[in-house]
Structure formats: C-alpha cells, structure tokens
Amino acid sequence: MKIILLGAPGAGKGTQAQFIMNKFGIPQISTGDMLRGAIKAGTDLGKQAKTLMDAGQLVPDDLIISLVKERVAQADCAKGFLLDGFPRTIPQADALKTVGIQIDYVLEFDVPDEVIVERMSGRRVHQASGRTYHVVYNPPKVEGKDDVTGEDLIIRADDKPETVLDRLKVYHSTTKPLVDYYQAEAKAGNTKYFRLDGTKKVEEVSQELDTILA
C-alpha cells in the first residue's frame with residue numbers, strides 16, 4: 001500500500017498520517033521530518049534546505065528525490081509507505097515513476113487558506129523534544145511553556161503568518177497541477193484519487209480514510 005498525501009502545509013496531513021501508520025502498519029516518509037533531521041545534523045543538504053525554508057521557498061527536486069529514494073529502499077517500506085510532502089511538483093511525480101515507485105492511493109486534504117493560517121500561526125514548539133502545541137486546539141497548561149519541562153516554547157520560522165502565506169502562494173502555484181496530474185492518472189487506472197474535507201473533525205476524516213483504504 002503506497003500512499004501519497006496532498007494538501008497545503010497545515011491541512012491536517014500529519015495527523016491523518018499517524019492514523020494510517022497505526023492502522024495499517026506502514027511507515028510515514030515525511031520530507032519535512034527528513035529535512036529537519038538534515039538541518040539539525042548540519043549536513044550540506046540541511047544547510048541548503050534551511051536557507052530556502054526560512055525564506056518560505058521549496059527545496060529543489062534533486063535534493064528531495066535523493067532523500068526519498070534512499071528511504072523507500074529500506075526494509076520497513078517493504079509492505080508500503082506513506083509519502084507526506086512529496087511529490088510537490090510534476091517533475092517529482094515523474095521522478096517517482098522513473099524510479100519504479102507505483103502509487104496506489106492519492107489522498108487530497110482540502111482546507112481554505114484562512115483556516116491554514118490560523119492553524120499554523122498558532123503552533124508552538126518545545127525545541128529540545130519536538131513536542132508541539134497549539135494556542136487554540138492544543139494549548140500548553142501554562143501559556144508559552146512546555147508541559148513536561150516548563151521551558152519556553154518557540155514559534156518556528158515557517159509557522160509565522162507571513163511565511164505561511166508565502167508557502168501557500170508557492171503551494172498553489174506549484175502543487176495544484178499535481179491534483180490534475182493524479183486525477184488523470186486515476187482516470188487512466190494507474191492510481192486511485194480521493195479528496196477529503198480537511199475542515200471536518202479529525203475523527204470524521206479518519207473514519208473516511210478507514211473506509212477508503214479498507
């Protein structure tokens with residue numbers, strides 16, 4: 001079961017990815033996590049990626065594809081995997097085909113921009129542990145402090161409203177064509193395509209996914 005999740009940053013893909021992983025026992029391959037790992041490790045790729053991400057720009061295809069190819073070859077991907085944040089462009093989608101990766105399901109999470117901005121600009125992160133909070137949906141017990149350590153929470157650079165808006169512009173201009181691409185693939189019988197309303201309650205979206213993937 002090889003699955004692609006499509007949707008803007010903050011559309012709820014990460015939450016539903018957890019549900020799919022737990023339900024079906026396949027790993028999530030998140031380019032965001034891979035990139036943050038590379039940035040934390042201070043690799044050349046990480047340094048290049050950080051500069052671009054801080055400016056709200058996308059990381060170029062060749063850097064991402066090399067990360068993804070390496071990851072899907074690992075043993076835990078034998079039964080399938082979940083791609084989150086990749087592909088983002090038609091060349092990336094073509095690159096998946098070129099390296100022989102057949103996608104079974106494409107799941108699009110549809111959420112209006114204004115909802116995304118509210119969701120993302122409210123995120124707060126405990127840097128050392130990666131624990132994430134939200135001022136509206138999942139607030140810490142003490143405002144601005146981590147529940148476990150009491151240390152300060154930060155706003156990641158890519159969660160600031162102006163950066164979120166920049167990322168949404170980039171998303172709409174580069175990733176929206178993927179919707180057409182994969183809908184055409186679905187019509188040709190090469191994959192299955194489903195659009196989900198990402199503004200619904202988490203449990204409702206999970207239930208829909210359960211039905212689709214069962």
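Yeah, the Cβs are placed from backbone N, Cα and C, and that goes for glycine too.
Over in Swiss-Prot, the protein carries these features:
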| type | residues | note |
| --- | --- | --- |
| BINDING | Gly10, Ala11, Gly12, Lys13, Gly14, Thr15, Arg123, Thr132, Tyr133, Lys200 | ATP binding site |
| REGION | 30-59 | region 'NMP' |
| BINDING | Thr31, Arg36, Gln57, Leu58, Val59, Gly85, Phe86, Pro87, Arg88, Gln92, Arg156, Arg167 | AMP binding site |
| REGION | 122-159 | region 'LID' |
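Sequence features, as recorded in Swiss-Prot, placed on the structure.
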{"residue": "Gly10", "record": "ATP binding site", "Cβ contacts under 8 Å, 6 or more apart": "Val111, Ile116, Val117, Arg119, Met120, Val164"}
{"residue": "Gly12", "record": "ATP binding site", "Cβ contacts under 8 Å, 6 or more apart": "Phe109, Val111, Gly198, Val202, Val205"}
{"residue": "Gly14", "record": "ATP binding site", "Cβ contacts under 8 Å, 6 or more apart": "Ser30, Asp84"}
{"residue": "Thr31", "record": "AMP binding site", "Cβ contacts under 8 Å, 6 or more apart": "Val59, Ile64, Leu67, Val68, Leu83, Asp84, Gly85, Phe86"}
{"residue": "Arg88", "record": "AMP binding site", "Cβ contacts under 8 Å, 6 or more apart": "Leu58, Ile64, Tyr171, Thr174, Thr175, Leu178"}
{"residue": "Arg123", "record": "ATP binding site", "Cβ contacts under 8 Å, 6 or more apart": "Thr132, Tyr133, His134, Ile155, Arg156, Asp159"}
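Most Cβ neighbours within 10 Å, among the binding-site residues Phe86, Tyr133: Phe86 holds that distinction in the structure as shown. When Cβ atoms from all protein chains are considered, those within 10 Å of Gln57 (AMP binding site) total 13, not counting its own. Highest Cβ count within 10 Å among the binding-site residues Val59, Arg156: Val59. In this entry, Gly10, Ala11, Gly12, Lys13, Gly14, Thr15, Arg123, Thr132, Tyr133, Lys200 make up the residues listed for ATP, with the farthest two CA atoms of the set 21 Å from each other. When DSSP labels each residue, the region 'NMP' (30-59) comes out as 22 helix, 1 strand, 7 coil, counted as helix, strand and coil in that order.
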